[in-house]
Each structure stands twice: as C-alpha cells, then as structure tokens.
Ligand code: BGC
C-alpha cells in the first residue's frame with residue numbers, strides 16, 4: 001500500500017491547495033509544500049509554532065520566518081519555474097512514511113533539457129533544522145546559475161511582522177536576523193551549503209534577502225548538486241539566537257544530510273509504530289486515514305507544553321494561528337491513545353494560559369477562568385468582536401464567538417480530565433491542572449442563572465457549537481458540558497484531598513475556594529440539562545429551537561445570493577431556521593455515549609442530520625461516529641471519507657464572508673482517526689475498562705492499530721468475526737477488555753481473541 005501522495009503535472013490554480021497538501025512539519029515549524037523558486041506571491045511559508053505578532057490594529061497572527069530554502073536555477077537569464085518556463089514533466093510527491101518532500105521537473109530551454117530534482121525534510125530530531133538536497137542534469141553543455149539563500153521577503157496576511165533585518169556572511173554560512181514588531185523577539189535563520197565540485201560564489205543582498213550566486217559549468221549528462229542546511233530559531237537575545245542557529249547548521253553540516261535523514265526517519269518509524277492504522281479491503285480509506293494521521297504528526301508539539309495545535313495547524317497564518325476547542329475535542333483522542341506525552345503537552349497548554357482565561361473572565365465580569373475562543377501564546381483572546389466581513393456591505397459583522405461560546409472552558413476542563421483518566425498521571429493535576437478545573441467550574445457558577453420558580457440553574461445567552469444560532473438559552477451541549485465540568489472539579493478535588501492533602505489545602509487556600517464548594521455542589525444538584533422529548537426522543541438544541549422555521553437544506557441554499565455569504569449572525573439565512581452549521585446535540589451524544597440510549601442517539605442523528613449544513617470541517621466526523629455507534633456503518637462511511645480526504649482534495653470552504661480560511665484541517669484529521677478507531681472499531685474507555693463495539697463498513701476485512709492505556713501498549717485487530725487483542729511483552733499491568741458483552745482480563749504479553757458479535761443497522765437499540 002502506497003505511502004506516497006503525488007501530483008503529476010503543474011496546475012497554477014493548485015498552488016495554494018498544494019501548499020497545504022504537501023506540507024512538512026515537526027511541531028515546532030511547518031513548511032508549506034511550495035516549490036523552491038517560489039516567491040511570496042505563491043505563498044511559501046515557514047510558520048513558527050508559538051510566536052505571534054501584531055502590527056497596528058491588524059489581527060495578531062503567527063510569524064512566517066524568512067525562507068531559507070529559497071533556490072532558483074537560471075539558464076541564459078531564464079529563471080527555471082513551471083510558472084514561466086517550458087517543461088516536459090513535473091511531479092511533486094510527499095512520502096508520509098518518513099515525511100520527505102520530493103520534486104522532479106524537466107525543463108526545456110531551447111534544445112536543452114534540464115532535469116531538476118529536490119528532496120527536503122524538516123528534522124524530527126532537531127526541531128529547528130530544515131534540509132534540502134538539490135540535483136540537476138542538462139542534456140547539453142551549458143552554464144547554470146544557482147541562486148540560493150534566505151529570502152526574507154515573506155508572505156504575511158496582516159504583516160509585515162519582521163523588521164530591522166541584519167544580514168550576515170562568514171565562515172561559509174549566511175544569516176538573516178530580524179525583530180518582530182510587537183514583542184521585539186529575534187527571529188534568525190542561518191544557512192550553509194555543501195556543493196559537489198568547487199565553484200566561485202558571489203553574495204547578493206538586498207534589504208530583505210541574503211543570497212548566493214554560483215555559476216556551474218555543466219557538461220551534458222553529468223549530475224550536479226548541493227545540499228542546503230538551514231536552521232531557524234527565535235528568542236529574546238538576538239545574538240544568542242543567531243549563534244544557536246549557526247551552530248546548529250555547522251553541526252548538521254558535520255553530520256551530513258544522509259545521516260540526519262536516517263535519524264529523522266527513525267523518529268518517524270517510531271511514530272508510525274505507535275499510531276498506524278491498517279485497513280484491509282479499502283485502499284482509498286487506508287490512504288486517506290494515513291494521510292490524516294501524517295497531518296497530525298507534523299503539527300504535534302513533541303517538546304513544548306507552551307503551544308498547542310492551531311485550527312489550521314502550521315499551514316500558515318490563517319485563523320490567526322489560534323488554538324480553538326478543536327484540539328481537545330477532535331485531536332486529543334488520537335494523541336491520548338497513541339502518544340500520551342504529546343497529549344500531556346496539549347493539556348498543559350491550558351495550564352500555561354490560565355491567566356489569560358482569568359483575565360477574560362474578569363473582563364466580562366465573571367469569576368474563574370473563561371478560556372479564549374481563539375487562543376495564542378498568552379491565552380488572551382485573539383477573537384475579535386467583528387470576526388466576519390459581510391460580503392454585501394463589506395462591513396465588519398458583529399459576531400459572538402468571543403463573548404458567548406462559553407463551552408470553551410468546559411472543553412479545556414474535559415481535555416485535562418480525559419488525559420488524567422487515560423494515563424492516571426497525577427502530575428498534571430498537581431502542576432496546575434486541578435487549578436484549571438476549579439477555575440473553570442467557578443466560572444460556570446458565576447455565569448449561570450438560578451431560576452427560583454423552577455428551582456434550577458440555567459445557562460443563558462450562549463453560543464453552542466452551532467455558530468449559526470448565537471446567544472441562545474440552555475444549549476443542550478453546553479449545559480451537559482458544564483455539568484461535566486462541575487463533576488470533574490469535584491473528582492479532581494477528591495483525588496487531591498485523598499492522595500495529596502497538602503497540595504489540596506494549599507490550592508483551596510490559594511483560590512480561596514472553600515465558599516465555592518457549597519455553591520458548586522448546589523449547582524451540580526440543580527443544573528438543568530435538556531433531555532429527550534418523551535414522544536420523539538429528540539433533544540432540543542436550545543430553548544425554542546423547535547419553533548424556528550423547519551426548512552430543508554436545499555431550500556435554504558436556494559436563498560443564497562453570494563456563495564461566500566455568512567449564514568449566521570444578525571441577518572444570516574440560517575439564523576431564523578433549524579439549519580445548523582455543525583454537529584451540536586449529536587456531538588454531545590458522542591461525548592457522553594453512555595449517558596444516552598441507542599434509541600435516543602438514533603432519533604437525534606436522524607433528526608439533525610438533514611438539518612446540518614456541515615459548514616465546519618468539524619462536523620462530518622461526528623455524524624460518522626454516532627452513525628457507527630448506532631450500528632449504521634453505511635451511514636457513517638461517507639461522512640468518514642469526507643473527513644479523511646479533506647486535505648487531499650482541498651475541497652473545503654475557502655472563504656467565510658471575505659475572510660480566507662483555507663489551510664489544513666487538523667480537527668478533521670483527528671476526526672478521521674476517531675471515526676475509524678472510536679467509530680468503526682468501536683473503541684471506548686470507561687472507568688478503566690477498554691470496550692470495543694465494532695461496526696465495520698461491509699467491505700472492510702479488518703482494521704488493526706496499536707493503543708496505549710495507562711502506559712501499557714496493546715495491538716488490536718478487528719475483523720467481521722473477531723477482535724484480537726495482544727498485550728505487549730514489555731507491559732507490566734493486566735488490563736480488562738470488553739468486546740460486545742464479553743469481558744476478559746489480559747495479562748502482560750497475553751493474547752485474546754473475542755468473538756465480534758457485530759453491530760448491524762439498528763442493533764443494540766435496546767440501550
Ligand atoms: C467552527 C468552530 C471551530 C473553528 C476552527 C469554525 O468554523 O464553527 O467550531 O472551532 O471553525 O476550526
């Protein structure tokens with residue numbers, strides 16, 4: 001089965017899409033899949049994780065570093081590029097097994113055919129290092145000019161972010177260092193090359209770029225080439241950062257490309273060992289799912305707990321490089337089951353941004369922690385009050401994502417608790433996780449309303465996941481998550497109190513929490529959470545939803561006047577109807593699958609599915625998950641494929657209003673993994689027990705994958721007739737598994753084959 005994503009031929013209309021599709025990354029930086037000769041008009045970007053900048057009153061967004069891979073080959077004054085030159089073949093490919101980018105083009109200049117071949121990777125071993133090998137061969141003797149170096153004229157959406165450029169050259173290395181506008185951080189890039197065969201080089205510099213020009217006398221049929229070693233860094237001290245990147249480049253040049261590639265590939269081998277999902281009987285699904293997993297690996301913070309994963313990964317500055325609830329709800333499960341260390345980094349990010357969340361709560365007059373809807377380095381909210389521009393008037397439109405999507409605090413709390421339940425790692429609670437949980441619970445108490453006549457707490461004036469209906473009351477999803485947050489806060493306190501009484505006491509004191517305890521427990525006892533209607537079993541998405549116009553999606557779409565018009569907000573077409581942007585109640589049914597019967601899940605899936613526009617890439621996977629849960633894998637399958645192929649096809653919403661929202665879709669990538677493993681294989685962790693309730697698509701022979709639970713490694717293989725579980729020899733603990741109705745405990749190194757009782761349409765509806 002192939003691990004190669006490739007495109008043959010060159011289509012200028014696909015430059016942006018392919019920048020996303022062929023992306024490389026190592027969690028610390030992302031490098032778009034653009035050609036080496038491209039300038040900023042073609043949107044190359046080396047996007048740095050965790051460094052943001054704001055210019056004037058424009059949006060704050062991540063930094064794109066100067067492009068250290070910039071390279072042009074010039075023949076007779078002509079820059080070789082498929083944009084402007086003749087070529088007779090062109091291919092780009094991404095090997096997702098070892099995360100290497102390959103480019104092969106044969107240009108034709110007169111009678112001369114010049115074959116150009118490049119290979120590049122972002123080291124998974126040294127997260128500041130990028131390497132590239134360039135080779136070329138001509139069919140006729142000629143002289144090629146190689147222009148290569150660091151292009152500091154970077155693509156920015158709301159820039160320019162970099163200033164005070166300093167160019168340097170010495171000891172064979174060139175360097176470019178600059179300062180960000182807002183925080184005055186230094187960003188430095190160093191580059192060194194090794195060239196086969198001696199050649200004279202001339203340095204060419206302008207105010208933004210530092211390039212070398214090298215003339216190479218080429219003999220027909222001979223291969224020439226060079227390797228580029230590039231390091232990128234940022235920090236407070238300009239000199240220090242420059243020194244670090246220079247010494248990284250020197251060290252890399254000593255180690256050499258092949259050795260570094262080999263070591264990088266070993267890291268990737270390990271990643272796949274821990275996470276590869278093998279599907280038999282469906283090559284398309286296999287490929288798309290692997291690709292989705294690749295996308296998650298390239299943006300995962302392996303070494304830092306100060307960054308999380310932005311909604312568009314590291315594919316550029318889109319969406320302000322902001323971290324949304326996408327991480328906890330759609331990506332975290334993949335990391336929990338495959339690489340809990342990375343999951344830990346992701347949840348610790350919420351600990352490090354707690355002060356920002358406290359500031360936001362205070363700003364709105366609440367207590368506790370109200371997390372940023374769009375979170376960056378400090379946890380202050382990057383979301384603006386006017387987040388969308390109306391396509392008709394070209395005026396900014398008031399949106400309430402920032403003010404009213406309070407579920408974000410519950411999502412953050414849920415993520416922390418998920419991590420704790422999966423790993424049993426108390427350190428996260430002790431190092432600030434418990435504090436976050438308590439502050440989130442406190443926020444919800446201060447946000448809630450106690451309705452005396454009904455003797456219940458309600459959560460009013462919120463926006464749920466369905467952003468087309470803003471400022472609604474008692475959104476079922478939000479209320480259920482608020483309840484869960486309160487429960488989690490009490491559970492965390494119980495853990496601390498029994499195991500770490502001193503830490504418990506000092507946290508209570510620090511937060512002055514003792515008075516809150518009674519309040520929270522009263523709220524937990526009396527919190528209203530919308531329940532299924534006894535007759536229809538449908539859970540109303542929010543108070544009054546069922547009274548809205550019940551129009552079908554096709555009719556709603558026939559009312560659209562501009563393909564980019566926003567359907568929510570004050571005048572949005574969906575606002576007054578039952579059409580929802582994305583899974584809302586249905587997502588709640590997935591998250592709390594044990595709290596609701598199969599009949600309820602089915603009734604709600606059937607009710608909400610035709611009313612969902614899937615205007616967010618977060619939606620399809622949820623419909624896949626719940627369809628698989630109720631035994632309808634044929635309903636689930638198209639939703640799974642839509643999710644898993646999103647970054648391969650590039651078919652996704654590119655504009656909301658006038659705002660460009662293209663880029664990669666990590667939540668959908670995580671959703672693809674969830675649909676396959678949690679949906680079709682039916683994996684679920686409940687009170688320390690691992691459950692499987694498979695519902696495989698008819699044409700799948702099997703799905704096999706590794707999982708990690710509480711530090712123990714297992715391998716699972718699900719077929720239509722059995723579920724085989726292997727416990728790794730190195731495991732230390734036994735683990736209980738339940739498949740269908742059968743429960744067994746597997747010893748370290750043991751193997752067990754359970755019958756797959758299967759789930760077909762409507763099975764298990766008894767609850
Ligand atoms: C969705 C949000 C999501 C955000 C970032 C929006 O379109 O409605 O739920 O968090 O995109 O992916």
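Including glycine, each Cβ sits where the backbone N, Cα and C put it.
Annotation comment: TrEMBL describes 325, 326, 581, 582 as substrate binding site. Annotation comment: TrEMBL describes 467 as active site, proton donor. Sequence annotations record features per position, and here TrEMBL assigns region 'Disordered' to 740-767. What TrEMBL records for 757-767 is compositional bias 'Basic and acidic residues'.
Feature annotations (TrEMBL) mapped to structure.
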| residue | record | DSSP class |
| --- | --- | --- |
| 325 | substrate binding site | coil |
| 467 | active site, proton donor | coil |
| 581 | substrate binding site | coil |
*Determine the C-alpha span of the substrate site listed in the record, that is the greatest distance between any two of 325, 326, 581, 582, in Å to the nearest whole number.*
16
*Inside 8 A of the center formed by the CB atoms of 325, 326, 581, 582, which other residues of the chain have their CB, for the recorded substrate site?*
324, 329, 465, 467, 616, 618, 619, 667
_Return only the integer: C-alpha distance in Å from residue 467 (active site, proton donor) to residue 582 (substrate binding site)._
8
*Restricting to the same chain and to sequence separations of six or more, state which residues have a Cβ under 8 Å from that of residue 326 (substrate binding site).*
309, 311, 618, 666, 667, 670
*Non-local Cβ contacts of residue 581 (substrate binding site) (under 8 Å, 6 or more apart, same chain)?*
465, 466, 467, 468, 567, 568, 574, 612, 613, 614, 615, 616, 619
_recorded positions (325, 467, 582), the one with most neighbouring Cβ atoms at 10 Å_ = 467
